[in-house]
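Taking it in order: structure first as structure tokens, then the write-up.
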Amino acid sequence: YILTFPSLFSGGYVANSLAIMTDALHMLTDLSGIILTLLALWLSAKSPTKRFTFGFHRFEVLSAIISVLLVYILMAFLLYEAVQRTIHMDYEINGDIMLITAAVGVAVNLIMGFLLNQSGHLHSHSHSHSHVPQSNTPNAAHSSSHGHSSLAVRAAFVHALGDLVQSIGVLVAAYIIRFKPEYKIADPVCTYVFSILVVLTTVRILCDTGVIILEGVPRHLNVDRIKEDLMKIEDVYSIEDLNVWSLTAGKTTAIVHLQLVPGSSSKWEEVQSKARQLLLNTFGMYKCSVQLQSYKQEMTKTCASCQSSSA
């Protein structure tokens, strides 16, 4: 991707083809995703400081927003040029260069799809002979992580197929323009279609980063379900407070305040351990804090006006 994006964009510029440059722009969104993933892995290894006590996980969110804004700026420029070409039709496209560049784009996406498909097959085959039953143990969590990795590879493969379809569309447009120059309107039309695909690809990123910045609950978690499971722990009387948010994608944090049933204050360590295991293992929290307090009966307070009225 690092080598292909500038090659496609340069080829589109030389060929004067907006469709190829938009295809390269879509590839830029994929490249940004890869860079953000590597950045997240690098930042997760850095220790928190006195000023940034949570660490630097949110820098990934900031980088994602900047990347999406850069993509939108470039896309707005390409859309403006496409509208101008549609209105005035005073442009020429080098069909030969466009055809060659589009073919390169298709070849790259074919290679990426093949590699991802092989990776998925090898990954599933390496675990196909495991007959250990899953349970709520570290081994089960390890198996679950392999399942998530396999799903991630499959999702990347599906995304690569989408990129391949787009590149084939550009290749078809290049073929038409090369041999039927009078149909050069196909170039800005492809730009309109692929710009919609770029928006659909990035809007999910914006939604997820917005939820993280606003400290909302991640979409894969249900607060009511978490409360129900916490209430099932023995000696828990009530949940005074529960806050769930994400430091960054895939790193969820929770703070819960539990009240113990009357006479069970001596069991606070056992209750705290069970609550932590539930949050960390069952719901996959990255960090959690469990606060406990002994049972306190609510005192009924009668205001002065109520007392006077009853008198």
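Indices start at 1 and increase along the chain as displayed.
The backbone N, Cα and C atoms fix where each Cβ goes, glycine too.
Some features that TrEMBL has for this protein:
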DOMAIN    3-214  domain 'Cation efflux protein transmembrane'
TRANSMEM  24-44  transmembrane segment
TRANSMEM  64-83  transmembrane segment
TRANSMEM  95-116  transmembrane segment
REGION    125-146  region 'Disordered'
COMPBIAS  132-141  compositional bias 'Polar residues'
TRANSMEM  156-177  transmembrane segment
TRANSMEM  189-206  transmembrane segment
DOMAIN    218-293  domain 'Cation efflux protein cytoplasmic'
Going along the chain, which residues at least six beyond the ends of the transmembrane segment (64-83) come within the CB cut-off of under 8 Å?
18, 21-22, 25, 28-29, 32, 35-36, 187-188, 191-192, 195, 198-199, 202, 205-206, 209
Could you count the residues of the domain 'Cation efflux protein cytoplasmic' (218-293) that DSSP puts in helix, in strand and in coil?
27 helix, 30 strand, 19 coil
